[in-house]
Structures are given as C-alpha cells and as structure tokens.
Amino acid sequence: MAKSTASANEAKTRRWVWGLWSALAGVVSAAAFLAVAELIALLVARESSPILAVGAFVIDIVPQPLKEFAIATFGSADKIVLLGSLALAVVIAAAIAGILQFFVRPFGVIVIALAGVISTAAIITRTGASPLAFVPPVVGTLVGVLVLVFLITRLRRWAGAADAADADTPAAPAAEQRGLGRRSFLVATGGVGIAAVIVGVGARLLNATSASVDALRRELRIPEPRSTVTIPDGAELEVEGISPLITPNADFYRVDTALTVPSVDPTTWRLVIDGMVDQRVELSFDDLVGMGLDEYAVTLTCVSNEVGGGLVGNAIWQGVPIRDILRMAGPQSGADMVLSKSVDGYTASTPLEALTDDARDAIFAVKMNGEPLPLEHGFPVRMVVPGLYGYVSATKWVTELKVTTFEADEAYWTPRGYAAEAPIKFSSRIDTPRTGTPVAAGTVAIAGMAWAQTVGIERVEVRIDDGDWQAATLSTPINADTWVQWMLEWQAEAGTHYVEVRAVNKNGDTQIEERAPIAPDGSSGWQRVLVTVSA
Ligand SMILES: Nc1nc2c(c(=O)[nH]1)N[C@H]1C(S)=C(S)[C@@H](COP(=O)(O)O)O[C@H]1N2
Ligand SMILES: [Mo]
C-alpha cells in the first residue's frame, strides 16, 4: 500500500514537472512568433509589430475613465505599464498554450492561432496600414505554431521515455532514451529561445530607430522650390492599363543592397566633398536646401530592368544641382570620376563630366513627388542623374562624393560583373494588352511607355504579326529626361497575334534589336507580346 501512495505522489510531481516544461515551450514559441513578426515587419511593413499594434488597439478600446485613471496613477509611465501588462498577459497565455498542447492536443495550437488572428486584426485595422501589413503577424503565427508543435513533440518523447524507464522494462536502454529525450528537448528549447531573443530585440531596436526617423521626416520643413515643373497639355494619354506618367512613390520600384532601410537623421546628416579637390566641402541639410531648390522631372531606370520590365519609374524631384556643389570644392585636373558613398557602404562611380555638365541636370534630391524622400528612396538626400543607370549614379542616403579616377577607384557593382560606366540604353515597353489577358475583337488600344533620357523619344513604332511598322501616337513629353506614353489603335481580329514595339530617339537612332542580358551594362531588344483576341 505504502509503495503505491508514494508512486501516486511521484506521478503527481511528475505532471507538475511536465507542466512547467511545456509552459516554457509555450513561452519560447510565443517569443519565436514575436521575433519573426518583428523581423518580417522590418522588411515589409514597419508598422506591423504585433505587440505595439495590440497595445495601440487596447489604448483605443479602453474606456476614457480607465485611461484617465491610468494616467493619474502611472503618469508618463502609463505606456510602459500598459506594454508591461501586455507582455505579462502574453507570457501567461503562452505558458497556457504550451501546457494545453502537452496535455490536450491541439488546444495549444488553437491558442497561438487565436493570438495570431487577434494581432493580425489589430494590425490591419490601424489607419495607414500598408497592404502587406498582414504578412508579419501571419508568418509569425505560422512560425509560433511550428515551434510549439516541434518542442512539445520532443517533450512528449522525453516524457514517454521517462515513463518507460520507470516501468519494469530492462532499465539501461530506456534510461538512455530518457537522457536523449531530455537533451533533445532542452537543446531545441534553449536554441530557439536564444535565437528569438536576439532576433526579436535586434529587429525591434532597428524598427524603433526607423520609426523615429520617420517622425523626423514628417516634421521636416523644406523650403519651397524657386521653380516648378510644368506638365504640358497632352502629357498623359487616356488609355486603360497604361502606366501613369508620374509614378506614385508607393509604386516606385526599389533596388537596394542593404538588408534593412538605413535610418539617417537629417539634423546630423553631413555631405562631404573630398578627394581630388582644391577645397574639402562639408554641408549640413540646411546648408544644402538653403542653396535654393528647383524642381526636375527625371525617369530613373535600373540596369537590371529586362526588356518590358518594371524597374523604371518617373518622378518629380526637388533638389540642388551637383555641379554647383562640386564647383565649391573645385575638382582638380586629372580627375574623371566621382565615387559617391552611402551610409550603408554602397558606392557608385559616375563620370565627373556627367555631374559638371551644364546641359545635364544631375541633382542632390531631397523631395520626391512633393514629399521628403521616402526612407526607402534615400531619405534625406539622394543623387538623381538623368541618362545613367541607377547603380552608377542614383546613390541613396548619400553622404560623400570623392572626386577621383576610374583608374584609382571602383564602385560596389564593378567587381560584381557590371560595367563601371553605364548610360541608359533607350527602350520602349508595352503596358497593354498583356500576354495572358485576352482582349475582345474590335478596336484595341495598344499602349505603353518609351524613354531615352537626355535625348528624347522621336517616334515609337508598333508591328503586329509580320505587318509593317506603324507609328504610334506619342504623349507630349515633359522634357527629354522623362519617359513618354505611346498608343496605337488596332482593329484586332480573333486569334493570337504578336505585338512588337521599338522606339527611335531624337538623334535618329533606332532601339537596338539584338537581345542583350542585363549584365554587364543593361538589357536590349524589342519587346514582343503574344496577345489572345477572343471573338
Ligand atoms: N545606397 C544605395 N543607393 C542605391 C542603391 C543601393 O543599393 N544602395 N541602388 C541603386 C540602384 S541599382 C538603382 S536602380 C537606384 C534605384 O532607386 P530607387 O530604389 O529609389 O528606385 O538606386 C541606386 N542607389
Ligand atoms: Mo539598378
């Protein structure tokens, strides 16, 4: 009798022990959930931090008297108290999830999934949530569930081995199994836990710095420009499916080598001009914009843009000519290149001549389509140089220009298979109709964009199947540095047809027909799409 009471007691303690371990597994799963959500938030939607979104949601729904009580009681620490209580609630719920998953599968998974649904709802219903705001909490939830299942499976294996070792089976192998089971659970839990803390804290800190730069950006006062761009009549064609003449910032393509968006504080930002110059120049943001801003419309293009691709966009920039600042420094003879440097370590090699030429509006830009540069487009200052691919000219988060030579210095992409000098190859693109989207027989507008920065587009020609090249109607260009829209009405007959486009620039050159890959200095070729016309 005495023996069975003892083992009943032992079994009870044992349940407690498994309960504690499973609670720990639950907490680690929640940590993994939050850490992954923070990391993804950093990459796709910075406002999507689950803890902060749920906190903000709680603030919104808490009744006014309770809010006043909290402020009266905790003063300015009220937010910290709120986040602390929220963290405590998360730890308790996570521990419960772990225990449930161990004793009554799959209720732990259900608890985590529920937390996922709540935080996703809190995030996507916040004003100003981006379309991708749901991604961080959803991916976080999936990871949290996977970690929970993974850890609890290990814990159960360990528990099973422990039970077997206690039973009257040959002791040695069962005890060994128990040891292995324990180790595998502890290593997995410890490993995931440590990784979650490092990733989560790191991502949160980065998220917080960019949030504070976001606030500085919103408060930044930039003087009005002295001149503005006039969009001529007829600059925009009315065709369904054509790209807008001015690309909205939110849709503007983005290419960066940095894993996360650099956070640059405009109040401490400095621009240095050095190298082969008579006099080193250093400017603050106020010095720069104090020189007077002008407005420029320029179409940027990436060397990685395939024929027909989307790595091209047009914006109205406000900035200061780079030549004015280079003149203050006085480039020395013998220099032929300017190596621009960014806070993220990125560098670009631009021919000195392209930056000093009076005929080319190379600028330090501070505004893009009427607002301070978005963080991801180089806030607070970037370069924009008409006619050169972005990688050799459009340095974002720029802080230094080193006047040098192509002989002496090399930019980021040069040892990576791209040319040191890269003027944009002029090109044309079909926006509509698209391969895979059938159109009805009858009158169909074929339309798209064409660009030949610094030179201008003279003509765009379209060929259907093996017919003659026909001249398309062009929109009125803003200037030679921006793309134009083109369109051609086509009496489409049922069946499948090839539609092909090519441009002629104002020098009379025809777009290169021969296909070239993007490396080393940009793609070439005529875009051809297969269009299905239904009867
Ligand atoms: N600091 C920095 N600047 C950069 C890059 C980069 O990776 N880092 N990419 C360049 C490339 S390849 C292009 S095409 C343009 C793209 O500018 P956008 O991202 O504003 O469209 O920025 C250029 N400036
Ligand atoms: Mo690029």
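Even glycines carry a Cβ here, placed using N, Cα and C.
It should be emphasised that the depicted structure is a prediction, and the values quoted were computed from it without experimental measurement.
The transmembrane segment feature in TrEMBL is assigned to 20-44, 80-100, 107-125, 131-152, 185-206. Under the heading domain 'Oxidoreductase molybdopterin-binding', TrEMBL lists 259-410.
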Chain residues outside the transmembrane segment (107-125) and at least six past its termini with a C-beta under 8 angstroms from it: 26, 29-30, 33, 37, 47-48, 50, 53-54, 56-57, 90, 93-94, 96-101, 133-134, 136-138, 140-141, 144-145, 148-149, 152
Long-range Cβ neighbours of the transmembrane segment (20-44) (under 8 Å; 6 or more residues past either end): 50-51, 90-91, 93-99, 101-103, 108, 112, 115-116, 119, 130, 132, 135-137, 139-141, 143-145, 147-148, 151-152, 155, 185, 189, 192-193, 195-197, 199-200, 203-204, 206-207, 210, 259-260
Chain residues outside the transmembrane segment (131-152) and at least six past its termini with a C-beta under 8 angstroms from it: 22, 25-26, 28-30, 32-38, 40-41, 44-45, 47-50, 53, 97-98, 101-102, 105, 108-109, 112-113, 115-117, 119-120, 123-124, 185, 188-189, 192
Positions on the same chain near the transmembrane segment (185-206), where near means CB under 8 A and six or more residues out: 21, 24-25, 28-29, 31-32, 34-36, 38-39, 41-42, 49, 147, 150-151, 154-155, 157-158, 260, 263
